[in-house]
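Feature annotations, reproduced from TrEMBL:
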COMPBIAS  1-14  compositional bias 'Low complexity'
DOMAIN    27-410  domain 'Major facilitator superfamily (MFS) profile'
REGION    1-22  region 'Disordered'
TRANSMEM  32-50  transmembrane segment
TRANSMEM  62-87  transmembrane segment
TRANSMEM  99-118  transmembrane segment
TRANSMEM  187-206  transmembrane segment
TRANSMEM  236-258  transmembrane segment
TRANSMEM  264-284  transmembrane segment
TRANSMEM  296-317  transmembrane segment
TRANSMEM  323-342  transmembrane segment
TRANSMEM  362-381  transmembrane segment
TRANSMEM  387-407  transmembrane segment
Amino acid sequence: MPAPDTPASSPAAHTSDHPAPPAARRTLMTRGLTFLFAVAGGAAVGNLYWAQPLLDFIARDLHASTAAAGWLVTATQLGYAAGILLVVPLGDAYDRRKLIPVMLLCSAVALLGCALAPSFGILLVAITLLGVTTVSGQLLAPLAGDLAEDDNRGSVVGTVVSGILTGILVSRTISGLIAGAAGWRTLYVVAAVAAAGFAALLHRAIPSLEPKTQMPYPALIASVGRVVRRERTVRWTLVLGATAFAAFTMFWTALTFLLSAPPFGYSVTEIGLFGLAGVAGALAARRAGRLHDRGLSLPASGIAWALVLAAFVLAAFAGHSVLLVVVVIVVLDVAVQGVNLLNQSRMFAVSDEARSRLNTAFVTSNFLGGAIGSAAASVLWSTGGWTAVTVAGMVLSGFGLVVWALGRRGPLVVPRRSR
């Protein structure tokens with residue numbers, strides 16, 4: 001793991017022993033750098049979703065059951081949660097100009113492991129390690145928050161998160177197209193080359209900033225838990241994030257099974273194209289960031305949760321209608337991504353000096369929820385089909401609405417202070 005910059009190795013140290021004041025840092029987060037962060041973050045996080053539209057395809061190729069194939073998504077997300085917990089806090093203590101490219105190179109190695117896996121068991125191990133190393137996007141988001149001005153931080157973070165979310169959605173389409181044309185192993189080789197390329201670009205583009213803390217690694221990891229215990233806003237936001245991601249991932253995992261079965265019977269390539277319908281959700285994240293900058297985070301969150309519930313109600317009637325499936329995808333993705341960005345912006349506002357650690361808690365919670373949602377989708381589909389999945393989605397979204405309603409006048413109001 002890269003070592004922290006010493007004062008002699010950091011440009012900021014030549015003029016000051018402290019982080020540069022906001023006025024000196026404003027020009028660092030240019031539009032071009034914001035765009036690069038968004039694209040690189042989207043490409044990185046796409047690693048978590050390459051397998052999602054290919055579950056049946058991979059299961060047949062490696063002689064595994066459909067239920068077992070669902071664990072590929074779950075294993076990736078559990079690995080990702082571990083990477084967020086163990087690696088992302090380093091963003092507060094290490095030079096991210098070095099840390100982010102190193103993690104991208106580790107992802108490239110894991111992707112090659114997936115491409116070469118001779119059996120389902122080895123693929124499961126490789127894809128878990130891929131999840132652990134796929135944390136670059138969640139290092140870039142708090143870095144964008146650090147480099148942005150106070151009055152447009154929500155918009156800048158929203159742009160980066162929008163890129164990450166677009167990567168999540170477009171990755172399914174790219175996955176289906178490449179796997180359909182050249183096989184799923186070729187897909188992972190292409191992704192490995194892309195990860196290595198972004199590592200080189202970001203190493204040149206990211207400005208070198210002094211670490212915010214000199215905590216030793218064990219204390220740094222432990223401090224994540226302290227922030228969660230101390231901040232009530234953080235705890236309530238984590239509950240909302242995990243609930244939203246459980247519903248979101250449950251839907252997309254089950255949708256693969258729905259679209260590959262009668263009456264649809266779509267191919268891997270065709271299923272992957274449905275990811276394009278969710279791009280509207282990624283674009284909505286930028287709008288949500290602007291609402292946060294205007295002080296409308298909590299009202300907008302309530303509307304987003306109501307849309308999540310409405311999407312699952314519509315989904316209950318979409319089992320035989322491709323048009324309704326597309327409508328549900330658009331509504332659900334707009335709603336969940338709005339919830340996600342507003343939650344993340346609220347977390348970043350809690351403490352200026354612990355954004356990477358706050359992001360660790362936020363994303364770990366989200367993807368633990370997502371892992372539960374993926375596992376639940378396989379079980380629900382096997383036992384009750386699409387109806388069971390949509391009912392579970394209604395329960396989750398109803399719970400989210402209740403938490404939001406209880407927290408909007410107190411626990412979810414952000415106390416603005418810095419550690």
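Along the chain as shown, the residues are counted starting at 1.
Backbone N, Cα and C define each Cβ position, glycine as well.
By the Cβ criterion (distance under 8 Å, sequence gap of 6 or more), the transmembrane segment (296-317) is not counted as touching the transmembrane segment (264-284), fewer than 3 such pairs being found. Most Cβ pairs within less than 8 Å of the transmembrane segment (387-407), among stretches 32-50, 236-258, 264-284, belong to 236-258. When pLDDT values are averaged over the domain 'Major facilitator superfamily (MFS) profile' (27-410), the model yields 88.
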